[in-house]
Amino acid sequence: MKLVDEAEILVTAGHGGNGCVGFRREKFIPLGGPDGGDGGSGGSVWIVADENVNTLVDFRHERTFKAQRGENGMGRQAYGKGGEDRIIVVPVGTVVINVQTDEVIGDLTRHGDRLLVAKGGKGGLGNMHFKSSVNRAPRQSTTGEEGEERLLKLELRLLADVGLLGFPNAGKSTLIRAVSSATPKVADYPFTTLYPNLGVVSVEAYRSFVIADVPGLIEGAADGAGLGTQFLRHLQRTRLLLHLVDMAPMDGGVDGVSPADQVRTLERELERHDPQLLKKPRWLVLNKADLMFEDEARAAAETIVAELGWTAPWYLVSALGRDGTFPIMKDVMAFFDRQREDELEARNAG
């Protein structure tokens, strides 16, 4: 199934029911007092995260969601029935944004998370509330309040531990195939990956993490070039970025961009889109070593690392041949283990 990761919807809560003007009409009580009941509250609109849903594709066909109106009050002090709530089901990892204010009003990261996005209107008051010493038979009631209405933007952000970052055709899809059971399309042309792919990497029994292969980025991605910013958001939840670089064409690089300049270009795009992305741990993966002699590949890798002044971990691999891929995954697992230990230690200290 193709991932649809953005949608815009209009939600409208139900109006409250109107209050009733009514009077007691009983035998032997000719001048019965007011007994008009209150209107019922309008239904509200809720968004609920469900782990069994994995795309926003249904919102292409249905974009307007309304909750039920509250029923009007009735005589004999009978309250109107409240309107039914409207439940909208979305994938886990959905961010809800108010389009008018651009405010994030909710981030649904766990199965069963619920978010109230439009509150139903209160029911109107019946005339039984307006009886007084000077007005024994009031004909006054109030109408129900209008329900809230909001235009919302839904953004699905993948819940992955590791994000693969790189130019188109850097070998991200090949790497995720090599280390997980995911089977993204792989071919020797840019933008083979048009939708994000998720793979589960198992290092040992009961020890695994999720890795995301997002479509390749190009210069100007922060402005929407190539496949634009729609996939950069998927990197925001990751705990570690693996920056893949096609290091084989040292004589001019990919489309005339050297391997070191590929890294610098994408760093600029990350900073323009979200400076926090550059603060995430990021490891360099120099791919396609199989296209060079072993000594030549090692020397080329060291040249790139020196040119960048790279101080974080780096690896020389052939994703196609799976050479050097397992040590990366083993190191990633160890990195997450250390992270968990540090977090536990910090909680205990607090």
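We number each residue from 1, going along the chain as drawn.
Cβ atoms are placed via backbone N, Cα and C, with glycine included.
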Listed range which Swiss-Prot flags as region 'Disordered', given the options 27-46, 127-146: 127-146
SER173 (Mg(2+) binding site) and LYS288 (GTP binding site), Cα-Cα, nearest whole angstrom: 13
Entry from the binding-site residues list ASN169, SER173, SER318 having the most other CB atoms no farther than 10 A: SER173
Sparsest-packed among the binding-site residues, when each Cβ's other Cβ atoms within 10 Å are tallied, from LYS172, LYS288: LYS288
Neighbour count (Cβ, 10 Å) for GLY166 (GTP binding site): 25
